[in-house]
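> First the structure, which I've put down as C-alpha cells, then a few questions once you've had a look.
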Amino acid sequence: MDFLPLFHSLQGRLALVVGGGEVALRKARLLADAGARLRVVAPQIHIELRHLVEQGGGELLERDYQDGDQPGCALIIAATDDEPLNAEVSRAANARGIPVNVVDAPALCSVIFPAIVDRSPLVVAVSSGGDAPVLARLIRAKLETWIPSTYGQLAGLASRFRHRVKELLPDLQQRRVFWENLFQGEIAERVLAGRPAEAERLLEEHLAGGLAHIATGEVYLVGAGPGDPDLLTFRALRLMQQADVVLYDRLVAPSILELCRRDAERLYVGKRRAEHAVPQDRINRLLVELASQGKRVLRLKGGDPFIFGRGGEEIDELAAHGIPFQVVPGITAASGCAAYAGIPLTHRDHAQSVRFVTGHLKDGTTDLPWQDLVAPGQTLVFYMGLVGLPVICEQLVAHGRSAQTPAALIQQGTTAQQRVFTGTLENLPQLVAEHEVHAPTLVIVGEVVQLRDKLAWFEGAREDA
C-alpha cells in the first residue's frame, strides 16, 4: 500500500491552491465542500473560481506564486500546467511538512485525491495510488449506483441516537448487533424510502420499549419495466435484493427475476386473458397476510404498477389494513418498447399527444371511446390489445381513421427476443396471423410509426416486417 487512506479535517483551516484554471476550480470545490478557507494564487483566475473564493471569504492573489504563500496552510494544491513551478511548490511544502498534492504528478505528492462517493456524513473514497485515476473513477461510478443517496440521512440518524444507544447498551458487542439490525431493518428502510421522520419516530419507540424487537412487515410494489434488466431503477434493484418473499406475474422477465435475493421465497401469481393463476382479491389478501407475518414482501410487476397494473387496488387493500408499503415506478411498456423500436410516441410534425389504452377491459369487451381515439395529432398505444386487434382496427376505421394509418406490433419489446412488425390499420390483423405474433405484444397506431424506418437502432430478433 503506497498511500495510507485517511480523512483530513479541513474545517476552518487554510488551504492554498496554486493555479487559476478549471483543474484548480475542481480541486477548490472539493476543499470548499470540506469547509476549508481558500487562498488561490494565479496571474489569471477562472471566473467561477473567483466567485467560489469570494463567497467563502477566502483570499484571491492575482499574481505569480511566491514561497511566502505557504506558511499557515494545512494543505497545498499545485494545479498549473507549469511543471517547474509545480515541482517548486512541492519541494517547499515538503520542506515545511505541509501535505501537498500536485495534479497529475503522483511522484510530487505527499497526499493524493481519491475518487469520492459523497453521502455525507458517509463518504467512500477509492484510490489507485495515482496509477490509474480513470479506473478509480469507473469504480466510483459503480459505487454511486449501489449506494442510495439517502444513506447520508441514515448515517445522520445514527449519529443523533448514538449516545442514547450507548447508555442503554454499554456492552460493545450488544451495540454492534443493535446497529447491524437497525441498518438492515424497517427503520433504515423508512429512511431509504424518503420517510426520515417516520424512521425517527420508530427508533424513539424502539428505544422507549427497552429495545424489544418489533417485527413489522412491509410491501414493496415495484415496476420491473418492459423486460430489459438494465432499465430497472436503482431503488427497484435494492428492494428486490432484500425482500423475503416475491410475488411476480408473467410479464416479469426471467432475467429480472434472477436479480431478486437468491433465498427469497417466490410465488407466481400471473394472469392471462380469462385465466387467473391467482385471483386478484386473493393476491390482495396474500400481500396483507405475508406482511402481517413481519415479512418484507416484493410485489413485482411488469412495466409500471400504476399503468394497467392494478397496483392501485393492491395498495388500497394494504392501506385499509395499515400495512406499510412503498411504490417504485417502472418504465411502462409504451415508453420502453417504443424507444427500442425506434418509434417516438410524440413528434412535432406528427403527434402532439399520446394516449395509453387498454385493449382488454374489465368486462372483456373493447367498448372504448372511439370518437376520441380518432382525433388527429395523437398516437395510440394499446396494452393487451392482441386478441381484440381486429375489432380495434375495424372500429378506428369505422369512426373515421384512415385504413392506411401506420401501425406497429412490438412483441417482447426491449429484450433480445424483440420482434417488430409495421403495417397499417388495414393489414395489422393479417400480420399477426402471418408471423404468429403472440403476447406480450404492444400495438402502436399513428403517423409516428413511419419514423421507425430511419430511427430503428435496437436489433432484437431481426424478424421485422
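Along the chain as shown, the residues are counted starting at 1.
Cβ coordinates are placed from backbone N, Cα and C, and glycine is handled just like the others.
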> Given Swiss-Prot annotates Gly302, Gly303, Asp304, Ile307, Thr332, Ala333, Met384, Gly413 as S-adenosyl-L-methionine-binding, which of Pro196, Pro226, Pro229 belongs to that site as well?
Pro226
> Compute the C-alpha separation of Ser128 (phosphoserine) from Ala333 (S-adenosyl-L-methionine binding site), stating it in Å without decimals.
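It is 42 Å, counting Cα to Cα.
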> On the Cα atoms of Glu22, Val23, Pro43, Gln44, which are listed as binding NAD(+), what is the maximum pairwise distance in Å?
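For the residues that bind NAD(+), the greatest Cα distance is 15 Å.
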> Can you give me the Cα-Cα distance between Gly413 (S-adenosyl-L-methionine binding site) and Asp249 (active site, proton acceptor) in Å, rounded to a whole number?
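The Cα atom of Gly413 (S-adenosyl-L-methionine binding site) is 17 Å away from the Cα atom of Asp249 (active site, proton acceptor).
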> Rounded to a whole angstrom, what is the C-alpha distance between Ala333 (S-adenosyl-L-methionine binding site) and Pro43 (NAD(+) binding site)?
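One finds 57 Å between the Cα atoms of these residues.
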> Using Cβ atoms only, which residues of the same chain lie under 8 Å from Pro226 (S-adenosyl-L-methionine binding site) while being at least 6 residues apart in sequence?
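Long-range Cβ contacts: Gly302, Gly303, Ile331, Thr332, Ala333, Ser335, Gly336, Cys337, Tyr340, Gly413, Thr414.
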